[in-house]
Each structure stands twice: as C-alpha cells, then as structure tokens.
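TrEMBL has this to say about the protein:
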DOMAIN    8-455  domain 'Major facilitator superfamily (MFS) profile'
TRANSMEM  46-66  transmembrane segment
TRANSMEM  78-97  transmembrane segment
TRANSMEM  103-121  transmembrane segment
TRANSMEM  133-154  transmembrane segment
TRANSMEM  160-182  transmembrane segment
TRANSMEM  194-214  transmembrane segment
TRANSMEM  226-245  transmembrane segment
TRANSMEM  266-289  transmembrane segment
TRANSMEM  323-345  transmembrane segment
TRANSMEM  351-373  transmembrane segment
TRANSMEM  424-450  transmembrane segment
Amino acid sequence: MSPQARRAVIVVLLGAVLAFLDATVVNVALNSLVGAFDTGLDTVQWIVTVYLLTQAAVLPATGWAARRIGAKRLYIGALLLFTIASVACGLAGNVWVLIAARVVQGVGGGLMIPAGQLILVRTAGRRGMARAMVAAGIPMVLTPIIGPTIGGLLLEYAGWQWIFLINAPIGILGLVLAVRLLPADTFEEQAGPFDVRGLTLISMGLVGVTYGLAQAGSRGIGDPVVIVPLIGGALLVAIFVWHALRVAAPILDLRLYADRVYSSAALATFTFGAVTFGAMVLLPLYFQIVRHQDAAHTGLLLAPQGVGAAIAMVLSTKLYERVGSLTCVLGGVVGIVATVPFMLITADTSYWLLAAAMVVRGLGIGLAVMPAMTAAMKTLRPDQLADATPQLNIMQRVGGSMGTAAFVMVLQRRLPTADHAQSAAFATTFAWVLAAAVLAALPTIAMVLFERSARATQ
C-alpha cells in the first residue's frame, strides 16, 4: 500500500474500533445499568436495541451522503457525532437520556463504518485493496472477542460511565488524525436526487427485520412481537427492491447484483455473517452458563479465537493476492473443521482443547470474512464503490442478526437446568452451526467459479 493508504488505514481503524467495540462492551454492563437506574432489564435492553436499529436505518444513506458532501467530511462528521454522543451517554442522569444518546451514537456509528471503508478502497486502489480491506476487518472480527473483557474490567475498576467516556479521548485523537491525514475529497462522482421514498422504505424495512430478529431469541419466532415486525420489514424491503429497479437514482443501486461475482460475494458476506457472528454468542454463554465464569474471565477464555483471527488476517492478504477468492473457500473449510470439536463439548471439556479449537476457528474467520468483501469490491468500477460499501455492511449485519436469532432459539429450546444437560444443549446447537457453515461455503465456491469464468472471457 502507498504511504497515503497506510495513513488512511490508521485513521479508519480508530473509528471502526470505537463503533464495533461499543456494540459489544455495553452487553456486559446491562445488569449494572439495571441497578444504577433502578429500572427493569426490559427497559435497559433498549440501550443495546436502539443502537442496532439506528445503525440499520442510516446505513442505506451512506453512499448518497458520501457523494454529496464527500467521504472524508462524512467520516469526520460521523466520528464527531459518535464522540459527542459517547460523552452524553457517560453523563446521562437517567435511562431515557442514555437511550436517546445511544440513538445519536447509532447514527454516527452507522455512517462511520461504510464511509471509512469507502475511503480505504478508494485510497488503496485495486492493487492495495486486499490489504486495506483486511486492515478494516480487524475491529470487526476482534472487538466482539475482546469487548467482554474490556467491558468487565471497566465495570470492575471504573464504573459503567467509563464504558462510554473512554470513547472520548480515542474519538478526539481520531478526529485530529482524520483532519490531518485523510485525503481530500475529489467529488468526481455526482450525487443524484435524494431518493426519499427509497430511503424510507429500506430504512423502515431494515429496522423491522433487525428488531424482529433481535426479539426472536428470547421470545420465539411465533410471538407477535417478532413475527409482525419481521413480516412488515420484509414486505417493505420487497417494495424497496421493486422501487429501486424502476428509478434512475435509487438510494441503493441494486443493479450491482447483475454482476455474478459481486452477487455471489455479497451472498457469501451474508452467510459468513450468519455463521461467524451468529455463532459468536454461543461460546460466551457456554462459559457463563455451563462453566460458571464471570464476564471478565469469559473474555479472557475467548482470547484464543482473537489470536487465530489476527494470525489469519496477516496471512490472508498475501494468500488473497496469490489465489484470489479461493482464500474464502479455504476459510470456510477451516471454519467447518473447527466447529466439529464444539459438537462434543461437555461440562468438563479441557480449556486447552477449547482454546486450540478457538484458535483454528479464528483462523477460519480471518480467512473468510474480509476476503469475501474484497472480492465483491474488486469486481466493481470506482464509481460503484459508494453503493457497494453500505450494501455489503447491510448483508453482513442482517446475516449476523439472523444467525444469532436462529442459534439462540435452538439453544433455548434445548437448555435445561442440569450442567451435563446444558452442555449437551450447546453441543446440539453447534451441530446446527456446522450445518450452517457447510451451506455458507457454497456461495464462495460459486464466487470462485464466476471469477474464473469472468477472467476467461476477458
């Protein structure tokens, strides 16, 4: 990568760490917040839920906003909004002020991630795109693993306020570096008319689907609180698809999916999101429910998965540059193999065996997730990247929400009270994860075949 691209990676990584870390560390603090605000868990849960819903609502607007005001300005504005909202969260005097501040935080986080990715792929160009995207994926893969540890330590030694206030110095540093180091916006691409109808349809649809999936794990798929927003959201998304294919400048350009390499890579991003981030909730629950570990120790026990992912991300850049999309297939195979030991877990399974399996699973995650997004980006023209980055983020997040809901529902239906029976419930759920991992590998095979076919016809 060029020196300019390396500087952009450093800046974008700071913002991505904030946005992704904030989505995970807050989960650890929910019980503490119940006591701090003297309210119920059903109210406090909205601190997590509104953050996810707001991100889903603003993601589709990222491409248009980047063309309208420039990706650098959009990134700086989103990071500034996120930082101010973080301070407001830490100073909140009641739970409703905290929830309102989390809405603002969600707007900043939802705009910041795709804007940062767009800056990276534009700055790195085709030759440096693989390295840039792998770097951008580090927070996405590592923060769900280290987040519980950081959250637990902050709660124990500093108080719940610092889960949010710690974002302020990092955000200020990120803002200073962004102003000084990010390349100036060129405005080579013109923003079309603002598609109000399209944004309303897709944002409300994604909010409905995300909310329904978030509730499905605890309530079950048949509950009206789940089924009504799911069906309503899916219907709005379907209407948006009809709308987007009939207007000249939709808020999201769905015509990108006419490219077979891009469409298969986008589907791979969705399926990997479901398997990777959906299954990521199971191991912390296993350590806490079956092995009776607290949040801080659970985070430390999950660290081997982060080590494996970090190693894979170093390897995946060179591997992708040599063999292209085959990297994703290899990651899928490694992920499938790494899931098998978790189908055999018991209440006394050796921590060393679990650590070894998590290292291998981390390798699979690192080899699969970001190379799939890179493959999608590399097949597009530069003027299409602003449309692609929010769409790929949407695919990954909806996939993760669907996977989480599905696996948590399977677990809850099989989760009794005895420790040995609880471990059996986790083993059964991981069998479902294995089946999903096998299915998730299919789009990567199609992607490789389409990529080779495209090269052969050139």
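Using the three backbone atoms N, Cα and C, a Cβ is placed for every residue, glycine included.
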**Prompt:** When you scan the chain for residues with a C-beta under 8 Å from the transmembrane segment (46-66), skipping those not six or more beyond its ends, what do you find?
**Reply:** 22-23, 26-27, 30, 33, 74, 95, 98-99, 102-103, 105-107, 109-111, 114-115, 118, 191-192, 194-195, 198-199, 202-204, 206-207, 209-211, 214, 251-253, 386-387, 389-390, 393-394, 397, 401
**Message:** Counting Cβ pairs closer than 8 Å, which of 103-121, 133-154, 160-182, 266-289 has the most of them with the transmembrane segment (78-97)?
**Reply:** 160-182
**Message:** Would you say the transmembrane segment (266-289) and the transmembrane segment (133-154) are in contact under the rule of three or more C-beta pairs closer than 8 Å, pairs 6 or more apart in sequence?
**Reply:** yes
**Fill in**
For the transmembrane segment (266-289), the distant same-chain contacts (Cβ-Cβ under 8 Å, at least six residues beyond its ends) come to 141, 144-145, 148, 257, 295, 297-298, 301-302, 305, 328, 332, 335, 339, 342, 345, 358, 365, 368-369, 372-373, 375-376, 391-392, 395-400, 402-408, 411, 415, 422-423, 426, 429-430, 433, 436-437, 439-440, 442-444, 446-447
**Message:** Are there residues at least six beyond either end of the transmembrane segment (323-345) with Cβ under 8 Å to its Cβ atoms? List them, or say none.
**Reply:** 265, 268, 272, 275-276, 279, 282-283, 286, 312, 316, 353-354, 357-358, 360-361, 363-369, 371-372, 375, 423, 426-427, 430-431, 433-434, 437-438, 440-441, 444-445, 447-448, 451
